[in-house]
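Student: Take this structure first; my questions come after.
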């Protein structure tokens, strides 16, 4: 590989036309407001246009999608209807995001067809589009493999192949699928591989399938963008909803994502916010894909202001309106924290991240500071005076706006004058009475003397006693062995399957959380997986269509050695200690075609929460 560091962004950075982007593609990116290429774009675009293979090391949010999409579109042959470019992405959300970017950059080109291919969407839509002809396919490895196996995806004329977030794909267990896909593509093609890290497996992949690639690295001084302001509020669990409401009243935000730990909490919190007058929706693995996409589009269009989400449900979201991220439940691993706050402050924009930390979670601040190389600032709960000041300012703005509508004001002026004459009431009193009518039964201002919330939060913020500074104990096991039922799946050691692949695939398809998995025992030809004893039959139906390492798993309750196909009761491996999924790896993995939600759907908080009313 030929190393080449991406240049630092400076006034001397060339424009897109200087990089070789021309015609309708150049017009489209100017329509989008693109003026100066990002470092990864400035280094990658000329290299790809020159026909070189590329290995790009860049984080998400650096503009790498445009770095590979623009050169592909620049050289696309619209007359050819078989796929010319294939982009592999680890998740459905990222695939949709990349597809949307391609369509935006091709908005000035006539007849360009881009198709997202991912699990969770019916085959009919994808098959119809493939029959009509597409130029660019953006998909997840699992569904791409399915189409190749069925013979419905023709890659014989493929000229460009992009591996986006390659390290994520490998961590999710896609390595074998990716290599099989690469093996079924023409030898003469251009390959671009993008990855945030460069482990040995990625280097081996690059050496095997890329031809003398140029390695381009975008250096990052910090783990998170410096344009994200990080703040935290120490607040007990019982006060979180009221504290969030206070912040929403005072904070000047555009769009917001509120992160919680469990799927149930997304629905509960979104409902509470709607009851308090906010435009909020929940997205999680149980929400149908069509509804999830509708909610995201509503957030983009300003028809929705708040998304309450789990980690994986929000993966890949890049919505310009997201000015704030709130960690309603702080994640216990720093990678999730960095990913969450990265939903704001993208592509040079500023953003705010606010985290709620219970008194017993203070120790997490040190881990966050170490991971982000930034020290979050402690914030104070907005007081009743702050809320009242904000409400009065909005009330003033509402009056000013109404006064500007002269035609409507004139119509009401005569009505008010008539009332004043007949009732002998001062106009000021009439205006105040109308304000009461407009406000309804809810008082406009809060009573500063009745601020129990501030008192409770102040108590939470008292310095911890010496005995509380010790390191927290390890969390207790959440389930007993009796809480699980063993299930048999028809994939085993000879299929080169690993526990993480099983967990990723089942969590992906069934929306399971990490605590839904017990022991995993991998045999030569099959595996035994412990799942919750009260597993929903609908979830089991979803899991039956799951594939691991290209094989249909045919999941079914395990009935013991005598009922197992292709095995013997003398299988000595069954007597040993079963492999247990490594819970220390806290990364969210999407292992099969469609990234359904595998958020940490826990039954309890990391620490015992106080009793509270919903």
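Using N, Cα and C of the backbone, Cβ positions are placed for all residues, glycine too.
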Student: Of the ranges 394-424, 425-455, 456-486, which one does TrEMBL list as region 'Disordered'?
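Tutor: From TrEMBL, the annotated region 'Disordered' range turns out to be 456-486.
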Student: Let's see if you can do this one: DSSP helix, strand and coil counts over the motif 'Q motif' (14-42), in that order.
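Tutor: Across the motif 'Q motif' (14-42), the residues distribute as 17 helix, 0 strand, 12 coil.
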Student: In the predicted model, what is the mean pLDDT computed over the motif 'Q motif' (14-42)?
Tutor: 88
